[in-house]
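The next block holds one structure in the form of structure tokens; read it before the comments.
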């Protein structure tokens, strides 16, 4: 196993090989020291946002093959010579290495402290500006008068009552200006009629005016007039709050009256908004026009604060009241969650609280994060319940199982088709070869790392590996007899064992039996009359089957095409126990890779053995080290022989280029171009909106199977990172899945996900049918499960 280690700035990177999943972090530090020349004590290693600590293994951090670990080098501080002070003491600096040395610490720097102290010094001046002087008979509106107060965040006007009037004291460093109005220094302390829980709110004179009390009739409304209307910016057809608006136009028909206005929301304006409630247009009261309103006035209608219960006090509501019981009683005993903004009675919590906690922030049980579960920098990992149940956790064996390629885990996953896909994988021709089983899993041909059959007992088998693990297997190439799984004791994390009991037609055995085009029979088995109508099974042959079959590959794993189950039956195997046998026969249009036609096709397609990324480089480094060690050992042996016997004459060494020049440069194999059907070519021509992309893609036809990879890369959805399904080709020439664009519009994002071009709220999503049709033909079955 090998991984990549890279410095945090990305300038230096090295490959660390000869590792195991059970390699300790402290052992990894020693290997990093050899490559980066950094002492283990100065290394900070990060993987997936976690700081790796000694005492854990790579398996604990789930480090996989060819993953990247970041290295941050701590600063090595040198102790200065102590300087004696006038008081006889000495100034000492802490030599201890800390996380702040690397620039990632939480400690406060001196500059931060000085800046904070400056803020603290300026704080009394800010408070001095906000000092208020209580006076009587101030302002236009007196104590007890009903007014309209504007919420500065929403820009809407709410009904309120004046509780107190004060004057703001002038600032010490700001002389009074003769141009300023006396009303500008007045502060009104008001309470909202509908929101008493907000308490007393301070308002400047610009945000307070006389209570609107006169409605304007339809006949008296004029264009350009500024009035107060009810409007809902989020849902324009519903009742909302009260805003100032300038009338643009009005139109009256026999059945309806339309009023359009520019609604003023704070400093912004919503243009050309249709006002629904045309009978509730209020005149804006100017100062001094009417008598002060000190008696309880008529209330205006506003939109309900809760859309679920419509502010009905008799209804239980878990959205605006207690999220547990839905009751609206005891508001003083409710807590608001600072994360989800839901209310909870203190006696509805489990366990209940006796009183309201004094903390400013409070989180409900669903939003609360248990601090004991958080792994902070420098702390050990918490015990994993999942890994504690693994067989490797309870095994007493000292064997290092972490070096096997079956244990490294997948670095990528096949998403072009779902895991329960029957039939061939698009872009994987017959004869494709992989060095390790984990690569076969990554390609999607056979997903399990170790198991021989991939399937579900209620659906069928999707693929199997013929590896010669059972002595009862018989391989004839175009057909073979496969032995079912089970009947072996694999406790203790074993990969294989001798047959120790009878097999049963359950689990994957039953899944493989379901592929046979015949009714299931748990006792005697069954045989299909029309075997070609059965479900297809992808078959992979492994090099281990070479001991039983001449059709197995010489190296690694090879995809041999589609087979169908002809019959299955139980019989006593060579071990003396009952085993289930399955007869499979090849049903694939592509020739078998062991035939002459198949071998020629493999050459034409340019199919070669596929290795994991970095495998050949790691192998070359290992061979280089072994050759160096062998050369050193030989020199030592030659030196010892020199003292005992005379050296023999050296043979003339070959020139470096002598042998290679005779052979010359190997001839490059010509790859068979990928051929499109007539229907596929016509569909590509119909897709005029993507003609530029197709022109570039069609240049890859000469590369054979790589053409499909080019198509998949070009038509990848930027949202889900998958091949586009039901594609929408936008006006800006980008292709997005319809479902992805629907989710974007539901989130009120009406722009192209790729370039942020404004598509508009009313954008018509039309599926590009020619593109969808050609993708479905190139990648059959890729839309299943999407």
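Using N, Cα and C of the backbone, Cβ positions are placed for all residues, glycine too.
For 1-78, the entry in Swiss-Prot reads domain 'Ubiquitin-like'.
Annotation note: residue 76 (phosphoserine) sits in a coil segment as assigned by DSSP. Positions annotated as phosphoserine by Swiss-Prot, on the basis of similarity to another entry: 76 (among others).
Marked as phosphoserine by Swiss-Prot on the basis of similarity to another entry: 98 (among others).
Here Swiss-Prot flags 102 (among others) as phosphoserine.
Marked as SUMO2 cross-link by Swiss-Prot: 283 (among others). Residues within less than 8 Å, Cβ to Cβ, of residue 283 (SUMO2 cross-link) and separated from it by at least 6 positions along the same chain comprise 212, 214, 215, 216, 227, 228.
Per Swiss-Prot, region 'Linker' is recorded for 300-305. Taking H, G and I as helix, E and B as strand and the rest as coil, DSSP gives the region 'Linker' (300-305) the counts 0 helix, 0 strand, 6 coil.
The feature phosphoserine is assigned by Swiss-Prot to 302 (among others). A simple way to gauge crowding: the CB of residue 302 (phosphoserine) has 18 other CB atoms within 10 angstroms, across all the protein chains here.
Annotation comment: Swiss-Prot describes 303-370 (among others) as zinc finger, evidence class sequence analysis.
Residues or ranges marked as site 'Histone H3R2me0 binding' by Swiss-Prot on the basis of similarity to another entry: 331 (among others). DSSP classifies residue 331 (site 'Histone H3R2me0 binding') as helix under the three-state reduction.
In sequence order, 321, 322, 343, 344, 345, 346 constitute the residues six or more apart from residue 334 (site 'Histone H3R2me0 binding') in its chain with CB-CB distances below 8 Å. Residues or ranges marked as site 'Histone H3R2me0 binding' by Swiss-Prot on the basis of similarity to another entry: 334 (among others).
Per Swiss-Prot, the feature region 'Histone H3R2me0 binding' maps to 337-341. Beyond the ends of the region 'Histone H3R2me0 binding' (337-341), by six or more residues, the same chain brings 361-364, 366-367 to within a C-beta distance below 8 angstroms of the stretch.
Within the same chain, no residue at least 6 positions away from residue 372 (phosphoserine) has a Cβ under 8 Å from its Cβ. For the recorded site, residue 372 (phosphoserine), the DSSP three-state label reads helix. Marked as phosphoserine by Swiss-Prot: 372 (among others).
Long-range Cβ proximity for residue 389 (SUMO2 cross-link), meaning a same-chain Cβ under 8 A and a gap of 6 or more residues, is found for none. Positions annotated as SUMO2 cross-link by Swiss-Prot, on the basis of similarity to another entry: 389 (among others).
Here the Cβ of residue 403 (N6-acetyllysine) has 15 other Cβ atoms within 10 Å, regardless of which shown protein chain they belong to. The DSSP secondary structure for residue 403 (N6-acetyllysine) is helix. Under the heading N6-acetyllysine, Swiss-Prot lists 403 (among others), citing similarity to another entry as support.
According to Swiss-Prot, the feature domain 'YDG' maps to 423-586, an assignment based on sequence analysis.
The Cβ of residue 468 (DNA binding site) lies under 8 Å from the Cβ of 542, 544, 545, 546, 547, 548, 549, 552, each of which sits 6+ residues away along the same chain. The DNA binding site feature in Swiss-Prot is assigned to 467, 468, 473; the stated evidence is similarity to another entry.
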### Query
Which of 467, 670 (the recorded positions) has the most other Cβ atoms within 10 Å?
467
### Query
Which one is closest to residue 76 (phosphoserine) in space, judged by CA to CA distance, out of the recorded positions 331, 467, 473, 550, 670?
467
### Message
Cα-Cα, whole number of Å: residue 302 (phosphoserine) versus residue 331 (site 'Histone H3R2me0 binding')?
### Response
22
## Note on the structure
For residue 473 (DNA binding site), the closest of the recorded positions by C-alpha position, picking from 331, 403, 550, 670, is 550
### Query
Averaged over the domain 'YDG' (423-586), what pLDDT does the prediction give?
89
### Query
Mind checking how the region 'Histone H3R2me0 binding' (337-341) divides into helix, strand and coil residues in DSSP?
0 helix, 0 strand, 5 coil
## Note on the structure
Sequence-distant residues near the region 'Linker' (300-305) by C-beta distance (under 8 Å, 6 or more away from its ends) are 158-159, 194, 212, 230, 232, 238-242, 280, 282, 311, 320
#### Entry: Helix, strand and coil counts within the zinc finger (717-756) (DSSP)
9 helix, 8 strand, 23 coil
### Message
Given the recorded positions 331, 403, 467, 550, find the one whose Cα is closest in space to the Cα of residue 670 (SUMO2 cross-link).
### Response
550
